[in-house]
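Single-structure report; data block below.
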Amino acid sequence: MAENQFKDNEACSEKDNDSDKQETAVNLSSSCQLATSPSEQASGQTSDIDPFAYLKRDEFTSEIFKIEMNNLPKKCGIGQLRKKLVALGLKPRKVKVLQSGLYGFANFKCEEERQKALEVLDGLQWKGKQMKVKKANPSADPFLKKRKQEADGGPDSKISKTDSEDENLSLSERLNQAVSPLWKVPYDKQLEEKTSQTHSFIKRLGRDIEKNIFDQSLKDWFRSQFKNCKGLCCDLLPIKPSPVLNSYRNKCEFTIGQSPDGQDKTVGFRLGSYKGGSISVVEPEDCLIIPESMKHCVKTLQHFLQTLSDKPGFDPQTRAGNWKMVLVRTNQRNDIMMVVYFHPQKLPEEVIAAEKQKLREYFTTGLGREAGIKALYFQIQSDRHEQDEEIFCEHLEGDKFIMEDLLEMKFRISPQSFFQVNARAAEILYSTVGDWCNITSDTVLLDICCGTGTIGLSLAKRLKNVVGIELCKEAVDDAKINAENNGIQNVKFYCGKAETLLPSIIGQFDRNDVVAVVDPPRAGLHQDVIKAIRKCTGVKRLVYVSCKPTGALANLLDLTRSESRRVKGPPFRLIQAIPVDLFPHTPHFELVMLLEREDETIMASPERTAEETIINELL
């Protein structure tokens, strides 16, 4: 990563119309939704709500240049579809694929680009499917649609049992329910539930892997695994708990909006999603998983916004207002980095400059200085920008980064670079990964989606070389500095898409003992990355870290399926898995999986049957 959320690998981005990155996100998903506001009830105007009012405003929306694409290839994803559209010379602003994967939508900048898309795509043959394309109507504003349904008493306006139960809770309880839904569950029970989820996933994964294996000797090995691993396809080790349960999050995004009682420029979390009909913001002071230093920072910013700035908070319904949100990062020493997001609307440059100056002065010489902000940034964030446009984050005051201690090393963290949100639990995660790599002094480690280089750098002194690949330039810059600060010289970091860089990089080490570690976003790795790993026979072991196991399913199937025309290189075998809890009081966790390259003697076993060959050729 999107509405109101924590961005992890977090839970991991996300994320996901932009499949760029990087981090997984813990969505503030909750069924709790606020009732119609008192002012609306008094005026009786709720039935006049227009979910399409945004089309009449004097602002651009690509919804008016949208197409619907039917008969897409099976299991077509957003990233795959976007790549195809771009390869055909089209310029989609937004791409969406419905869960069924059989149809999707694409938005464009103007009617000319939409017409071109209609001409290019209609009747296009793609992976055995003939696409059917037509113009699509704009989507309704999800918040206004929900409010209108409630006002009109439509079939979708019924309040769920959970909603009615939430009405009896205090705001503090509802907020914790939204941010950390397991907050009332004893921690040992949380671990049991996460273990159960892992068990169900591994069981499903085993069934799916077996369907894609056509080598008899490999089938025999796989079936023996089921017998030896209590019905699972690999050993499932006991979950590793987090050493800290509360106040562990070192990164959060807070919304700037209206409180339930109408107080503008309240800084905190939404009680639910915009789509679910909730836009009210509640302060985070009672949040179980937020550190006190972060809460104090947010409270201090709120004081500035409400007393010293005459610019309003951003309204997601009308798209008016300026102050949008704030990103806060901290470390185990309670140093604070803050990035404040501001919508410029049509304000003159000098007015925006004045707001920045007031913000800077408040946190350096004013009342805000006692918050101890270590690094202060300001970022312009309008509604629309080109997808590949680089968004500039302006440094206002203090250091440009904060430092974190991890595994007796120091790591630099910039505003947009990825770093695990629970540092102490991350040490357990990375130590587990290192143990499973089974490295020697001759090993080359490929650290794919390396972030600030934490995994590779923590292992660098035990192996020959580390090669890190990361999409976020800030993170790569941090990784290089981290290597220098920790006196590590046998590392090299590359910035770019792994699917583009990996084939040429991996070819350099084809004859070495290569271990790959992948820690991708929630949606998993690009298919081309998986293909490159399969082709590099030097990669004997692969450690896959997933913050959303179901998002990694397609990757795991492609890594373990029998070799075919589509998938070259000996397959991997799933050896063992272990969940590691980095997110107490939430349903999320990390799953570490060890895969080893199939023994070449198995691949050299008697020729496949004619039936197996035919099946492979069809893949």
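Cβ from N, Cα, C; glycine included.
If you look up TrEMBL, you'll see C547 marked as active site, nucleophile. Annotation note: C547 (active site, nucleophile) sits in a coil segment as assigned by DSSP.
Look at Q420 (S-adenosyl-L-methionine binding site): DSSP puts it in coil. Of all Cβ atoms in the shown protein chains, 28 besides its own fall within 10 Å of the Cβ of Q420 (S-adenosyl-L-methionine binding site). For Q420, E470, D519, the entry in TrEMBL reads S-adenosyl-L-methionine binding site.
According to TrEMBL, the compositional bias 'Basic and acidic residues' annotation covers 1-23.
Per TrEMBL, compositional bias 'Polar residues' is recorded for 24-48.
The feature domain 'RRM' is assigned by TrEMBL to 65-138.
Here TrEMBL flags 1-48 (among others) as region 'Disordered'.
Summarising the annotation, TrEMBL assigns region 'Disordered' to 132-170 (among others).
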Inset, instruction - Could you list the residues of the same chain, at least six apart in sequence, whose Cβ is under 8 A from the Cβ of E470 (S-adenosyl-L-methionine binding site)? - result: C449, C450, G451, V476, A479, F493, Y494, C495
Inset, instruction - Do me a favour and check the Cα-Cα span between Q420 (S-adenosyl-L-methionine binding site) and C547 (active site, nucleophile); whole Å is fine. - result: 11
Legend entry - Alpha-carbon distance [C547 (active site, nucleophile); D519 (S-adenosyl-L-methionine binding site)] in Å: 8
Inset, instruction - Tally every other Cβ atom lying within 10 Å of the Cβ atom of C547 (active site, nucleophile). - result: 28
